[in-house]
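According to TrEMBL, the protein has these features:
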ACT_SITE  193  active site, proton acceptor
BINDING   48, 111, 135, 136, 137  NAD(+) binding site
BINDING   98, 104, 137, 168  substrate binding site
DOMAIN    12-158  domain 'Lactate/malate dehydrogenase N-terminal'
DOMAIN    162-336  domain 'Lactate/malate dehydrogenase C-terminal'
């Protein structure tokens, strides 16, 4: 008699800033199986700061009330040694938000402290195979600090979220062409998850009436693609805040799911996506010691940069400008790190 295969062992996933609004949009999708697979049991660890623990209890109650078969255990905590133990995946959403009148430098200083602590805790308590996604802003530099604070975990295991920008760019092109967003592929976000990022459609394809067309030919409006399209994507986060009085949560959570699912299951043949990764060994002349958003393909939970795309002068200038901002952020952060 043959027995049915045993279900896989549960994986441990932490979400930090777990009482916040991005997490509130994110946790259901993870617990339901949208990210790590429909048959993958999950132990969900929710980390936040001590004043948020009562709120976290409410989130735990709601997760229980969803009655999700894959969710084996929910662990709310304010302690990194509990939060980061034996992790398979870490989604670092929590960070110090920018308050009115706050200098970017002050914001960096506060976040260096947070991500130094979390990096050291990952180093000490998590599995060495852990995949770490940094969402909290400034995401690229926070990711670099976390990685530098976790020397025993491979640098390749750290990435930061630029998938939201990538999805924004895809959607703008799709709307402009009157097609659904799945008909657009291979847009690229280069650089920093900030307003200097460069959304690039020179290598993108749009499926129009069943045939793949270069995005520039499909859109037929170079002025828009080099002007308003870029600024719309760069400024989209600010536009959402202005309208909602709150930052992007639903769309950020969806992008986190896309990013992690692609790490777990790989990208489709002939498609690449954008994520902030360690720049060492890149073929685009970007300084090495940065977390910079590149086009990547993913197989067997390992990303690989898409090399050798031709870069014109227009793109080159924008790629260098966002790199310069990241170098400056990194240098300021490294000063704080050594204090």
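Any Cβ shown, glycine's included, is placed from N, Cα and C.
Of 98, 104, 136, 168, all annotated as binding-site residues, the residue with the shortest Cα distance to residue 193 (active site, proton acceptor) is 136. You'll find the Cα of residue 136 (NAD(+) binding site) roughly 11 Å from the Cα of residue 98 (substrate binding site). With every protein chain in view, the residue among the recorded positions 98, 104, 168, 193 whose Cβ has the most Cβ partners within 10 Å turns out to be 193. In terms of DSSP helix, strand and coil, the domain 'Lactate/malate dehydrogenase N-terminal' (12-158) has 67 helix, 27 strand, 53 coil. Cα to Cα, residue 168 (substrate binding site) and residue 135 (NAD(+) binding site) are separated by 16 Å.
Cβ-based neighbour count (10 Å, all protein chains) for residue 111 (NAD(+) binding site) stands at 23. Cβ packing within 10 Å was compared across the binding-site residues 48, 135, and the lowest neighbour count falls to 48. Of all Cβ atoms in the shown protein chains, 20 besides its own fall within 10 Å of the Cβ of residue 137 (NAD(+) binding site). Rounded to a whole number, the distance between the Cα atoms of residue 111 (NAD(+) binding site) and residue 98 (substrate binding site) is 10 Å. The Cβ of residue 136 (NAD(+) binding site) has 25 other Cβ atoms within 10 Å, all protein chains considered. Averaged over the domain 'Lactate/malate dehydrogenase C-terminal' (162-336), the predicted model has a pLDDT of 97.
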